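Look at TrEMBL and you will find B:H115, B:H119, B:D306 tagged as Fe cation binding site. The substrate binding site annotation in TrEMBL covers B:V138, B:V139, B:S140, B:G141, B:G142, B:D171, B:G184, B:D188, B:N278. Annotation comment: TrEMBL describes B:28-312 as domain 'Gcp-like'.
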Amino acid sequence: MKILVLESSGLVASVAVVTEEKLIGEYTTNFKKTHSQTLLPMMDTLLKMIGIPVQEMDAIAVSGGPGSFTGLRIGSATAKGLGLALSIPIISVPTVDAIAYNLCGTDAVVCPLMDARRNQTYTGLYTFDGDQMKCISGQKAVMLGEIIDEINQLGRKVIFLGDGVPVFKPYIEEHIQVPHSYAPIHLSQQRAGALGALALQYYHEGKYESAAEHQPDYLRLSQAERELAAKKGQEKA
Amino acid sequence: MDKDVLILAIESSCDETAAAVVKNGRDVLSNIIYSQIELHKLYGGVVPEIASRKHIEKINPVITAALDEANVTLEDIDAIAVTYGPGLVGALLVGVAEAKAISYAANKPLVPVHHIEGHISANYIENKDLEPPFLCMVVSGGHTHLVLVKDYGQYEIVGRTHDDAAGEAFDKVARAIGLGYPGGPKVDKLAKEGNSDAITFPKAHIQGAPLDFSFSGVKSAVLNYLNECHMKNIEVNRADVAASFQKAIVDVIVEHTMKAAKEYHIKKVALAGGVASNSALRGAMEEACSRRNIQFYRPSPLLCTDNAAMIGAAGYYDYMNGKRAGLDLNAVPNLKIGEKA
C-alpha cells in the first residue's frame, strides 16, 4: 500500500510517500512561492529520488481543509487529476487533525492554531492514546477567544502549534490559565508525513472517496455568500 | 497527415468548467461545458471564489464526460492543453493544477493555451477552409481586441480597448435599464424591438490610435440619458435605448475592423468571443465584409462562449509548433496575447 501525500493548505508545501511500514520520503518547504509552482515539481523530485513512479501509487492523500482557499484547491485539483489519470481513490484528511497528529504520543492536549484572518482561527482540541488520536473538539473556525476559553475550562496542560502561533501568542499569554507550551518549529507546521500516517488509518477505516467526488472542506462560505446571507438575515429581522 | 493528433483540452478561466477532445485542431469529438451562470445571477456577476469552488466540484466529471463522449481513453490522447490565462486566477488554477497532474500521471505533453487565442481558434473548428493570415475581432465580457493572425500561433494586437470591454459595457447598460445579468443577450433581444436611430450616443475614437476602442463614454452617455429622462419625468423607451446603444458599439467595432482590413490588406475577417454571438454585430460585420469582398467567418454561438473545444483547436497548433509547459506552470491572470509561458 503506497500513498502519495499532498499538503498545500497553508504557506507550507509538503509532499510525502508513505506505506504501512514507513515514511519513504518527505519534502517540505515553507517560503512564499505559489503552490502552483512548487507542489508538482517537489512531488516529481521526491518520486525520482525514491525511484517510485507515480503509477505505482495506490491512493492519493490530500489535506482536505480548512486552509487557504486557493492553496486547498491547488492540492485538491492536483490530487483529482492524479486520481483521474491513475484511477485511484483520494483520502481527504482534515487539515487541523493532520497538524495535531504531528504531536502523536504526547499526554497533553494538542491545540493546532491556523491563522484564519479576521481574528479567527481554524482550530480543534485533541488527545492521544498510543497512536490513536482522540478528538475533544473537532476542527472548526472560531474566534481565538472561544478556543482559549474552552482550554481554560478543560483545565489540562496544552501544547499549541501551527502557523497561527506567532500571530496569537500575545493573546494566549495574556488569557491562558493552564500550563502550556509551544511545539518546536519542525513539528509546528503542516507536514505531509504526519498527514500520510493519519491517511493510512483513514484508508483502513474505509474513509476515502473517488477523485471525482473529492472537494475541499473550506469550513467557511465565500465572502459573497456570507454577505448575501447577512443581507437576507437583515431583511427578515 | 500521417497520424491523427488528439488533444484533451481543459478550460476554467471564468465561470464555465469545460473539457473537450479535438482531432487535428479542427474536428471536435466532444465538447462538454458545465455553465455556472445560474449560480452567479444571484450576485449580478461572476463571484471568483464561488466560481473556483464550482470548478473543483465539476472538473473531473466534465473531463471524464469529454473522454467518454469522444469514445477515447487518456491513452489515446497525444497532449493535454489547458487555459493558463487570462482570467480569474483562482478559477484558472483549478484547470492548470488538474491538467498538470493528468499530464504527469498519464505521461502526456502539456500545452499552455492563451484563452483569447482559443477564442480566435474557435473559427478553425467551423470554418475548415480558414487559414491565416486573417483579422479577428475578439469581443467578450473581459476583452476587446482586434487581432491580426499572421500564422498559426502568431498574433499581433492591432486594436484594443482603453477602458471597458465591449461586453462589460453591455452588462452595465443592461443593469441600468433593468435587464439583469448577463446583459449581452438581453440587450440584443430587446434591441430588436427598438429603433436604433432613436437616440444618438457618441462613438468614441482615440486620438492617434485609430484602431483602438473606448466604451466607457458611450456607457456613461446611456447612464446620463437615463438620468436626464428620470429628472424630467420622461418615460424611457428601453428598447430604443438598447437598440441605439448597441448600434453605437457595433458601428465602431465594424468600422475599425474594416479600417484594419484595408490597412493590413487582409481579405478575411473573423469574429470571436461571447459578444460575437450578438445578432446586430454579426449582421453588420457580415454586410460590411460582403460590400468589400472580404470573406467573413464566425463561430456558432456555442463556440463563442467559453468552451474547451476552442482551447483544443489553439492547443493543437501550439502543440505542432512545439510549445510545452513544465510542471511549474502557473496561472497568469493578465496574460498578454502572444506572450510565452
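Using the three backbone atoms N, Cα and C, a Cβ is placed for every residue, glycine included.
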### Message
Using a 10 Å radius around each Cβ and all protein chains in view, which of these binding-site residues has the most neighbours: B:H115, B:H119?
### Response
B:H119
### Task
Express the distance between the Cα positions of B:N278 (substrate binding site) and B:H115 (Fe cation binding site) as a whole number of Å.
20
### Query
What is the one among the binding-site residues B:S140, B:N278 whose Cβ has the most other Cβ atoms less than or equal to 10 Å away?
B:N278
### Query
Where B:H119 (Fe cation binding site) and B:V138 (substrate binding site) are concerned, what is their Cα separation in Å, rounded?
7
### Message
Quick check: in three-state DSSP terms, what is B:G184 (substrate binding site)?
### Response
helix
### Query
Which site among B:G142, B:G184 has the most other CB atoms no more than 10 Å from its CB, taking these as binding-site residues?
B:G184
### Task
Run through the Cβ atoms and count how many others sit within 10 Å of the one on B:V138 (substrate binding site).
26
## Note on the structure
Rounded to a whole number of Å, the separation of the Cα atoms of B:G184 (substrate binding site) and B:D306 (Fe cation binding site) comes to 14
### Query
Taking the Cβ of B:D306 (Fe cation binding site) as centre, how many other Cβ atoms lie within 10 Å?
26
